[in-house]
Amino acid sequence: MAPAAINEPPRLDVAALKAAAGPQAPVVDLRSFAHFNNTPGIGTEFRAAGDYRDKSGKPILALRDILDDPASLRALGRLVSERGVVFFRDADISTDEQLKLVHALGLLGGKPETSGLHVNPCTAPGQKEGDEVARISNNYVFGEKFKRDQSTMLLRRVGKLSWHSDITYEPVPSDYACLTIRTVPETGGDTLWASAYDAFDRLSPPMRKFLEGLTALHKGVGFIQLARKFGIPEFRENRGSPENVGQALEAVHPVVRTHPITGWKGLFVNREFTQRIVELTPYESDQLLEFLFNHISDNQDIQVRFRWEPHSVAIWDNRCTFHTATFDLDNNVREGTRGLSLGEKPYLDPNSLTRREALEKQGVKPQS
């Protein structure tokens, strides 16, 4: 992929894309393909060709087959927003296809046309893979090999401290993300996701009501420290949205947000970026956030764990999930590429429902 201009998303014909997935388009049900739910509440995986475990007799869905099909992509976006994260095996896609995929999912989901793809605030313009491609590596950062005896992240090896939703320090954070690990370790380096829907649903009604009246400050502290360490004089401007500018790398968001596609409420704080609750005293904020962070990381039954294989792809919705990698790689190398679409400014609709409430209203008994 050639270096891209700042904030230049993949060239997609937005009008044609939306028209092709409009009211006259065929309704696509991706659940008619061979798949399974990883857990009751989060995660759906589509079977790969030749998977001996599949006894359903349903056809195989190959990710590559729907990359240029707007109706199928719209259905995929809806599924990702409902299930939090969707996995494909044996889906070898290029970085350019990753970017086009998440950008199309966002546009088909109704994101503002001013929202493109995120640009890392620390990257120099015109990097080899393109400005919007994030290189995920336990071996290198900005082309410099990790000094493992000096890396706080690698030394602490405490995965619960790294739970996050991507780039919530931006005024317009991410909707969809796509990650593929291109150098797969022999063992270790799994990724875990947790459901923000279930995290909120499992709080008591009085606690949910209290949280709905709060906002939180999110700040990219890790990027600020990284810039200082590598001598980066200033952060990139115009990071995928006209509102994602400036050097502060901070934003205030509601503690509970409504998902614009599902209409479900979800918890929207994370240990990596959320600094404080605006309306509370520092002591109250620290205590409440620690409770919420532990609520996310310690409830294994709102989580799914994914072991990477060559050509595996994960697509998730940052508006309703948290995720973290495991730091158990030792000398194994784990490297991949990720694309982030930008969505809308987070908001809370007080009339929206929790996932459980919405499903029960539809006569569906929630599985989690």
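Note: Cβ is positioned from N, Cα and C throughout, glycine not excepted.
As annotated by TrEMBL, compositional bias 'Basic and acidic residues' applies to 354-368. The domain 'TauD/TfdA-like' feature in TrEMBL is assigned to 63-336. The feature region 'Disordered' is assigned by TrEMBL to 344-368.
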Q) Same chain, outside the compositional bias 'Basic and acidic residues' (354-368) by at least 6, Cβ under 8 Å from its Cβ: which residues? A) 37, 39-42, 195, 197-198, 200-201, 208, 262-266, 301-302
Q.
Limited to the domain 'TauD/TfdA-like' (63-336), I'd like the whole-number average of pLDDT.
A. 92
**Q.** For the region 'Disordered' (344-368), the number of residues DSSP places in helix, strand and coil
**A.** 7 helix, 1 strand, 17 coil
